[in-house]
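**Q** Supplied in structure tokens, the structure appears directly below.
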Amino acid sequence: MTSEVLQTISSGSGFAQPQSSSTLDHDESLINPPLVKKKRNLPGNPDPEAEVIALSPTTLMATNRFLCEVCGKGFQRDQNLQLHRRGHNLPWKLKQRTSKEVRKRVYVCPEKTCVHHHSSRALGDLTGIKKHFCRKHGEKKWTCEKCAKRYAVQSDWKAHSKTCGTREYRCDCGTIFSRRDSFITHRAFCDALAEETAKINAVSHLNGLAAAGAPGSVNLNYQYLMGTFIPPLQPFVPQPQTNPNHHHQHFQPPTSSSLSLWMGQDIAPPQPQPDYDWVFGNAKAASACIDNNNTHDEQITQNANASLTTTTTLSAPSLFSSDQPQNANANSNVNMSATALLQKAAEIGATSTTTAATNDPSTFLQSFPLKSTDQTTSYDSGEKFFALFGSNNNIGLMSRSHDHQEIENARNDVTVASALDELQNYPWKRRRVDGGGEVGGGGQTRDFLGVGVQTLCHPSSINGWI
């Protein structure tokens, strides 16, 4: 008998063979497909086809909106009221589930200034709109006994009370959080605020250094930048100026150089400048002013003697040259004596009808206003012959406070001084010759070309040369 049972089992005639579990699952999935879970709309993004309901704050916050007309008892839901009416033997009706889909309802916040007051930002359930109104616009009635934090929704207060004091997140600023997400949000904001504060403090510090002129500030060293373009000026003692605008004429760009006003034809028009009060000096070096004459008088005199003896650009042609830097000596290599200059001036051919210019020995020097070779513009700003002895940026050396004897010694060291002496004394020598003075009356020929002293000395004749 045992053998028969074994044969029956092996043949499968007496028992059904079990099916695999994978086959069963596949069959069940075909018979009952899984229900697709409908996703919930995000807060503030209602269904466009939903019914929008607007409730007043009183109705929204009422705890028992549904009241019994017999006993006056209130209920939160209409279903509860219907069940209560059944106890009073009143007609009652419960909502029946139907196959027809019920239209959705959305609720707007009664607060007009709230973003959820608009229908496009309505909330999808009545409980949600209640909690929103309590949290944002309601009174906070519940307070935590441990941390004294207040809440407007009772459920929020209960949830906080369960975790308060058990977990603690402390920020560097001293704020304590019990929730990690709140701590992370605050920490990001706090770090960004600290970074911005550090930037503002750094900028304020740099501005303070710049205003105070401290080393390392953003201010540039003007003397260092311009040192390669403007030669250093020797200190000098300035004299009072009558021109109120002379402070604005300290730095002038160098103009094109020329041999002289008589010989050069490419000279640029000179810039308007104030009157010069010294034979040797510069009225524009206000940046090197020294107010104390007694302290620096000896040093200034030594600098004047050294500069006059070593300057190579002050040759005779530079007596009538325009303003130029000290190193621009390309056109100053032609040396002419005072007699040659007078002969050249006489050959230009100016005439005069008056002899008043010969009465004053300084008239000759005062009759040389700077003029441009360009006949369309004339700069007659009172610059007399005294301004022509040197360049603007180099010879700010002499002043009226110097001793007369030291100035005379300095003049005798260079050709310019001898030329100036010859020019200043020429009218007097001529008058002595004509008047029969100490030289002798008419025995020798002094006027080489026969043009007369009047022609050379009158201001109009000088203007004719130029």
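Glycine is no exception: its Cβ is also placed from the backbone N, Cα and C atoms.
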**Q** Going by Swiss-Prot alone, which of Ser182, Ser257, Ser307, Ser399 is annotated as phosphoserine?
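**A** Out of Ser182, Ser257, Ser307, Ser399, Swiss-Prot attaches the phosphoserine annotation to Ser182.
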**Q** For the candidates Thr98, Thr163, Thr313, Thr445, I need the one that Swiss-Prot annotates as phosphothreonine.
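**A** Cross-referencing Thr98, Thr163, Thr313, Thr445 with Swiss-Prot, phosphothreonine lands on Thr98.
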**Q** Quick check on the record annotations: which of Ser119, Ser178, Ser460 is tagged phosphoserine by Swiss-Prot?
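**A** Cross-referencing Ser119, Ser178, Ser460 with Swiss-Prot, phosphoserine lands on Ser178.
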**Q** According to DSSP, collapsed to three classes, what secondary structure does His186 (Zn(2+) 2 binding site) have?
**A** helix
**Q** Determine which residues of the chain contact the zinc finger (142-165) at the Cβ level, with the cut-off under 8 Å and only residues 6 or more beyond its ends counted.
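**A** Same-chain contacts beyond the flanks: 131, 134-135, 176, 178-179.
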**Q** Enter the number of other CB atoms within 10 angstroms of the CB of Cys147 (Zn(2+) 1 binding site).
**A** 13
**Q** Taking only the binding-site residues Cys144, Cys147, His160, Cys164, which one has a CA atom nearest to the CA atom of Cys173 (Zn(2+) 2 binding site)?
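**A** Spatially nearest to Cys173 (Zn(2+) 2 binding site) by Cα position is Cys147.
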**Q** Take the mean position of the Cβ atoms of Cys171, Cys173, His186, Cys190, the recorded Zn(2+) 2 site. Which other residues of that chain put their Cβ within 8 Å of it?
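**A** Near the Zn(2+) 2 site, beyond Cys171, Cys173, His186, Cys190, sit Asp172, Gly174, Thr175, Phe183, Arg187, Phe189.
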